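Undergrad: Pulled the feature table from TrEMBL, pasting it below:
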{"type": "DOMAIN", "residues": "37-328", "note": "domain 'SAM-dependent MTase RsmB/NOP-type'"}
{"type": "BINDING", "residues": "Asp156, Asp201", "note": "S-adenosyl-L-methionine binding site"}
{"type": "ACT_SITE", "residues": "Cys254", "note": "active site, nucleophile"}
Amino acid sequence: MSARKRRGSPRPSPVEAQNDALQRFLPLVSAEELPLLLAELQRPVSQALRANPLKVADPAQALGAWAAAYGWETSPVPYCPTGWWVHQAARPISQTLEHQLGHYYIQDAASMLPVELFTPHNGEPPLTLDLAASPGGKTTHLISRSGDQGLVLANDSSQSRIHALRLVLHTWGSVNHAVTCFAGERFGAWFPETFDRVLLDAPCSMQNLRSTESHPMRAISPRERDSLSVRQRNLLISAFQALKTGGEVVYATCTLSPEEDEGVLDELLRRFPGAVEIVDLSRRLPAPAPGLSSDGQRDFDPAVQRAARLWPHRFGTSGFFSALIQKRAPVAAPEGGPPARSLTREGMAPLPAARVRDLALRQGERYGFPLETVLENCNLELWQKGPQVWAVPRAFLSRFGDLPHESIGLPLGTDTPDGFQPGHDWVSRFFDQHRSGREILDAAQSAAWLRGEDLPGTPQHFAHGEAAVVVDEQGRFLGLGKAVTGRLRNMRPRRLAG
Ligand SMILES: C[S@@+](CC[C@H](N)C(=O)[O-])C[C@H]1O[C@@H](n2cnc3c(N)ncnc32)[C@H](O)[C@@H]1O
């Protein structure tokens, strides 16, 4: 039991925690900016969303259509072309079909900055490591930025947060990713000089000056802060070692504590002199938001001012910190290879070529879906695990084939006694390419279907046990159905019931 509990003193409320943090940060804000910060903190922060270019061909056009349909008042997030604030909403942004389908992700606007900082790739699609990824908001952004080409290795050390990460990536429709669960500190030794991009969205004290219902601020002791900054430093060193020379690391936190922000960058610069280049972000942002030169007790390396410190009044966000770091020279890394467990030991086996051809033929005949072309364009192979068939990234197999993983790629579907049943997330991702085998529902039927009900009556165009792609009158994907005697059985995943 903690000393506080033994003494019976109550924990500071989120508002008290926010006030404490504000008092601590006040000396770091200039006299001219202070009134702006205080005024900003009186305003509620607007919700924001980021559109999914894997599923939405023209994000701006889609945003316009959603705004009209759901009564949203929006404005663009200036540094993220796929991001918008939603200031007013007749229908909440968390309660739409498009949200369920992964057409957009709800994300604080500050959190849209870090991934936008990576330089656009040209040539080979990038090999990306997301070192602390759960629940996966920024992982989806990394996947959008690479067009789901190359590979995103999404890692998080917390087993209890892996399920959420996997779900977010499957809903987003990503195929070229793998999920692992290791301490991020190990990657520098396991994979030195390997990745083109590394994102470290570090575990932090969340002293961001905005306490919301979903993310209440809590008080942090100096001891806790110190131990967090040691962890952040070790994670950033590991991220830097795992990066290829010439590659980029983005370091981000959702805290304004200098010990966890500029202080961590300062230590990286000292650790690897001559190898670390902190990129000047002043021209990359709509207005300057420089890092601090000092925390009041010690002066930092002047290079850390090139980072972005988002006091809430800069862009109307929560407090946030981000830096883009380039690797100019190789650095020493501890020795030690990664653990290995073959895919066969995981119960996975490559699908024989004849079975792939057969599946492709049936998918083509029934849904007009060009399976082999999609596998080729996305650089995927089909593997079987139990009754499930998975589309697995070749980039994972060739580089990390034996690395124990939590999941890789996306399920294409499942073998059932009634034949092959396509996977919901697969069809949702490649919906436009499933041109036939559709069942169109009217408005009343669609509403019932979305409540999880079956559709009464035997569907005409489907053999017994066959899967139908169910759409509404606007042509939106409502899930898959299975034709059985007397009804179309609702196969929407239970997680979407509501
Ligand atoms: C700020 S959150 C990441 C949020 C995520 N990037 C997103 O955008 O949705 C930090 C994450 O770091 C993870 N974490 C904490 N210590 C870690 C470590 N040593 N190695 C890897 N992950 C760690 C936590 O489990 C937590 O999920």
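Each residue, glycine too, has its Cβ placed from N, Cα and C.
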Undergrad: For the domain 'SAM-dependent MTase RsmB/NOP-type' (37-328), report the average pLDDT of the model, please.
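TA: PLDDT averaged over the stretch: 96.
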Undergrad: Write down the Cα-Cα distance for Cys254 (active site, nucleophile) and Asp201 (S-adenosyl-L-methionine binding site), rounded and given in Å.
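TA: Their Cα atoms are separated by 8 Å.
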Undergrad: What count of other C-beta atoms do you get within 10 angstroms of the C-beta of the residue listed as 'active site, nucleophile', across all chains shown?
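TA: For the residue listed as 'active site, nucleophile', the count of other Cβ atoms within 10 Å is 24.
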Undergrad: Relative to the Cβ position of Asp156 (S-adenosyl-L-methionine binding site), how many further Cβ atoms are located within 10 Å?
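TA: Cβ-Cβ neighbours of Asp156 (S-adenosyl-L-methionine binding site) within 10 Å number 26.
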Undergrad: Around the C-beta of Asp201 (S-adenosyl-L-methionine binding site), how many further C-beta atoms are within 10 angstroms, looking at every protein chain?
TA: 22
Undergrad: With H, G and I counted as helix, E and B as strand and the rest as coil, say where DSSP puts the residue listed as 'active site, nucleophile'.
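TA: For the residue listed as 'active site, nucleophile' - judged by DSSP and reduced to three states - the answer is coil.
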Undergrad: Using DSSP, would you call Asp156 (S-adenosyl-L-methionine binding site) helix, strand or coil?
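TA: Coil, per DSSP.
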